[in-house]
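Positions annotated as domain 'Major facilitator superfamily (MFS) profile' by TrEMBL: 20-467. Positions annotated as transmembrane segment by TrEMBL: 21-41, 91-109, 121-140, 146-167, 179-201, 291-310, 322-343, 355-372, 378-402.
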Amino acid sequence: MDLEDAFQVVGEFGPYQKRAVAVLVLTQLYMACQSMLIVLVGSTPEYRIEQEKSGGVPSGQQELLQHVTFTENIDSIVTEWFLIKHQAYKVSLAGSLFFAGLLVGNVVFGPLSDKIGRRPVYLTGLFFEVIFGYVTALAPSYEVFAVSRLLVGLMNGGIGLVCFVLTQEYVGKSYWAMTGTLTSMTFAVGIALFGALGYFIRPWRSLATVANSSGVLFFLLSVTLPESPRWLYSQGQTERAEEVLRYMALRNGNAANRLRLQRVGGAAKAGNRDNRGAGVLQLVIHPVLRLRTMVLMYVWYACSLVYYGLTLGASETSGSRYVNVAMYGLVELPAYPLCIYFINKHWAGRRKSMASFLCLAGSACLCTTFIPENTGTLLSVTSLALLGKLMVSAAFNIAYVYTSELYPTVIRNAGLGVCSMSCRVGGILAPFVPSMRALHSSMPFTVFCLSGLSAGCLGLLLPETLNGPAAETLEELSSPTRGRVLESKALLYEDDKWKPNHK
């Protein structure tokens, strides 16, 4: 039997898989805390600089330290290392180093887990993220703190992808959308919980220590997780895949003694060895993967640019910084039930849902250009920006699920890694978009509008994956249904070329 038939015997989402997926999903709480850490530990309180007796303002750093008085009771890296005035850029630099680590982690860990396995990469990355997280909390200087944030970001970006892929590969394909949505939803809840945690734990070292300690628990729970049976099968390790599936069936209370997977032929095994050696290169060489990757990279880039750009604008509201952090996560939650509903409907599916949410996000940004600023009505720039963020959050979630279904198992993590790299580029550029207000007050929202609408239109070029079998190897992409890049009723992919479809 093939893998999908095997999961029918084992149980697509049995008790054991529910526990395994729960561990992986709850790990997102820890990862969210690490992602948002700099927002609270890097808080800049109100301060006053006393003038020197001569009447001038101190210019040197040492002189400045003797004349600074913080008027707000906040304990952060700013108050400990006096990161103000000419040193203020170091707070943003620490945040940028974390996202730079995410960028590198996406590129390195994705292909690595395709080659040596999901489980060893995930456990190693989580272990070192916890170690570097404690280095952050105990850092004796800013330099050590900054380097630790880079290393935490490196591990966070890598294991985030592997964790997401494992939640998909432990279960039957019909549950991929649900597990993917739960992963994103839990990350949003983690952001809100971190805001609450920061409210009760004010010293930044204590906050960093407590937020990082949950990683120890999740690491211990993750040690018992098995290797992905889908990855084992894609690598030609059929016997090991059968062992994992039988173990899952046993823990689910199902009999699977006669479970036997289709043996991969010698040519296919050789092809899989080539796949392991090629890695990211296959995304460039393979004609179908190349075009899909180009479209997906732009979609991920646009999602990130609009998401972080709107977040930057929406988070400038006055009030408690802890409430703002919580709202940053909570505003995303309504997007996920919408995803679960739409992407499983035959008249919407993955492709149309993602494209529609992106276009709605772009349209919300377009509407802000017609609304006067500082209006007190319900229909304000802020409410439309939050609506845009809600829509792009839904599109972002679908992009994760959709991308994992468009790539075969042997290249899935590499594909997700490259797309996530493009996503990080959008996140890095997003803070610079508001500065375009110097050209025109509506320019930032115009950029977000064009990005959302163009990504939504390009997303329609991808094939629908709803209710279709998951590709395991690159060879399966040559089939007519899986090899299509454009979704067209007038064309049919046969004999490695497009032909008119007269059926």
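In case you wondered, yes, glycine gets a Cβ from its N, Cα and C as well.
Across 146-167, 291-310, 322-343, the stretch most heavily in contact with the transmembrane segment (179-201), judged by Cβ pairs under 8 Å, is 322-343. The transmembrane segment (291-310) makes contact with the transmembrane segment (355-372), as judged by at least three Cβ pairs under 8 Å among residues 6 or more apart in sequence. Long-range contacts of the transmembrane segment (322-343) within the same chain, counting only residues at least 6 positions beyond its ends with a Cβ under 8 Å from a Cβ of the stretch, are 32, 36, 39-40, 177-178, 181, 184-185, 187-196, 198-199, 311, 314-315, 349-350, 353, 356-357, 386, 389-391, 393-394, 397-398, 401-402, 466. Between the transmembrane segment (21-41) and the transmembrane segment (378-402), fewer than three CB pairs separated by 6 or more residues in sequence fall under 8 Å, so the two stretches do not touch. If you average pLDDT over the domain 'Major facilitator superfamily (MFS) profile' (20-467) in this model, you get 82. Sequence-remote contacts of a segment are chain residues at least 6 beyond its ends whose Cβ falls under 8 Å from one of its Cβ atoms, and for the transmembrane segment (355-372) they are 299, 302-303, 306, 310, 335, 338, 342, 348, 379-381, 384-385, 387-389, 391-392, 394-395, 398, 442, 445-446, 448-453, 455-457, 459-460.
Nonlocal intrachain contacts for the transmembrane segment (121-140), taken as residues 6+ away from its ends with a CB within less than 8 angstroms of a stretch CB, comprise 27, 34, 37, 105, 109, 112-113, 148-149, 151-152, 155-156, 158-159, 162-163, 166, 205, 208-209, 211-212, 215-216, 218-219, 222-223, 225.
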